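Chemist: Got a structure for you, questions after.
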Amino acid sequence: MGCLGGITSPFWSLRERRGVDLPHNKVTAEMPTRTMPVPSKVILPMQQHVGARCTPLVKRKDHVNVGMLVGHAEARTTADIYSSVSGTVTEVRNIYYANGKSDVAIVIEPDGEQTVDESVWPPEVPDYRMLVHAVKYSGIVGLGGAGFPTELKLDVDVDSIDTWLVNGAECEPYLSSDYREMIEHPDTIRRGLETCLDLSGVPHAIVCIEDNKPKAIELLERTFADDPRVDVLAMPTRYPQGAAHVLVRNATGREVPRGGHTTDVGCVLFNVTTMSCIGRFLEDGMPLVKRRVTVAGDAVANPQNLEVCIGTPIREVLEFCGLREEPHKVVTGGPMMGVSQVDLDYPIVRQNSGLLAFGEASARELETTACIRCGTCVNSCPMSLSPIEIMKAYRRGDMAALDRLMADLCMECGTCSYVCPARQPLTQNVRLARADLKAEKRKAKGR
Ligand code: SF4
Ligand code: SF4
């Protein structure tokens, strides 16, 4: 099909006015990735993915190497956890999240040697089944923030798929981790994507990149210039362009049905760094033990892209970058969909593409005022929902209305809260409504 070469999607007009233009603040975009030294300790929570928690396979005083399996679960939906350092296990203990939930974590004191475990070996993948099987033992999850086990995403009926989408949109402000992957490692992206296409037989791939990244678009066009299966698509820069259903719609014109998946409309969708990670794993066999994190925000003295060992405490990352002032708000991920962290001893985990620290002035919460019925939240929602009506229905406990208003379609992108002039807590309420509606539906199905 050849490269589309900076041409925007013919389907974009479907939702032209939805979403929101955000200040990009991607000050780290042109900074080459630096590698952070091995930290004083790594903390490996046993749930760094969507699905079942892993069980620790090591105990206090055990010696571990880089790439050694330390957490495993028998469940179907899970992703194994590997040590990011060589050293000694000092603790296996509970840790607590900001939402009150707890997890088990393995704490390792590095020996500084970074000895690679003898189990690390490039996999042989003669066919698609073996590729899926190999990725199961890679610890790779969706690196754009979702944390969904990649093996499960690959494990689909490939005969029903005609389009392999690669998400290089990186539409959240501040973040430039995926952008650096595209600039620094186009060859591993190519290796990962072309292996998947070769072995699956899926005939067409589209690498989707927002048009505020012209260097990445040009570089990937050149990278795939001789592969007629791969198009590079320049998409308009508008948040949340990278959200799964939005991207499928804007790249292919297909609507994922309510409650359905991208596979229902013949598409699979992978984050661009995830694709690259598959390419790297096929080459050296090293499971996912480190990742690039964009460290930014106005409290950070030296914003940058850092490659860190998974499990590095947030505090050590911030100390390495330096702080202008005591952070009043620390977020892992992007400012729109990221998670606020209250404990700086909590670690960087696999799906954290960003670490943002904000000072007192920018972290201050604005006062909520009465809804002025301006309709901006409704006009901006990329899923065509009515956030204000959903919030009202949630507050009066009206499940039938939540179902009618399709609260379950919310992807928690934060657009409605961002655009609301009254600073109504729309996203928070729609998130709760969505959870309640899903629980109600599960109950109705007897599950
Ligand atoms: S209702 Fe959900 S999907 Fe719509 S703008 Fe708000 S957070 Fe985004
Ligand atoms: S954007 Fe805010 S003020 Fe406007 S209708 Fe929605 S909730 Fe009300």
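Backbone N, Cα and C define each Cβ position, glycine as well.
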Chemist: Among C309, C321, C420, indicate the single residue that TrEMBL lists for the [4Fe-4S] cluster 1 site containing C371, C374, C377.
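Modeler: Record source TrEMBL; matching candidate: C420.
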Chemist: Which one is it, among the binding-site residues C371, C374, C377, that lies nearest to C416 ([4Fe-4S] cluster 2 binding site) by Cα separation?
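Modeler: Comparing Cα positions, the candidate nearest C416 ([4Fe-4S] cluster 2 binding site) turns out to be C377.
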Chemist: For ligand 1, list the binding-site residues among C374, C377, C410 whose CB atom is within a distance below 6 Å of it, in sequence order.
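Modeler: Cβ < 6 Å from ligand 1, in sequence order: C410.
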Chemist: Over the span of the domain '4Fe-4S ferredoxin-type' (362-393), how high is the average pLDDT in this prediction?
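Modeler: Mean pLDDT, the domain '4Fe-4S ferredoxin-type' (362-393): 94.
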Chemist: Other than C371, C374, C377, C420, which residues of the same chain sit close to [4Fe-4S] cluster 1? List them in sequence order, counting a residue when its Cβ is within 8 Å of the Cβ centroid of the site.
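Modeler: Apart from the listed residues, the neighbours are I372, R373, G375, T376, P387, I388, C416, V419, P421, A422, Q424, L426.
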Chemist: Between C413 ([4Fe-4S] cluster 2 binding site) and C371 ([4Fe-4S] cluster 1 binding site), what is the CA-CA distance rounded to a whole number of Å?
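Modeler: Roughly 20 Å, rounded to the nearest whole number.
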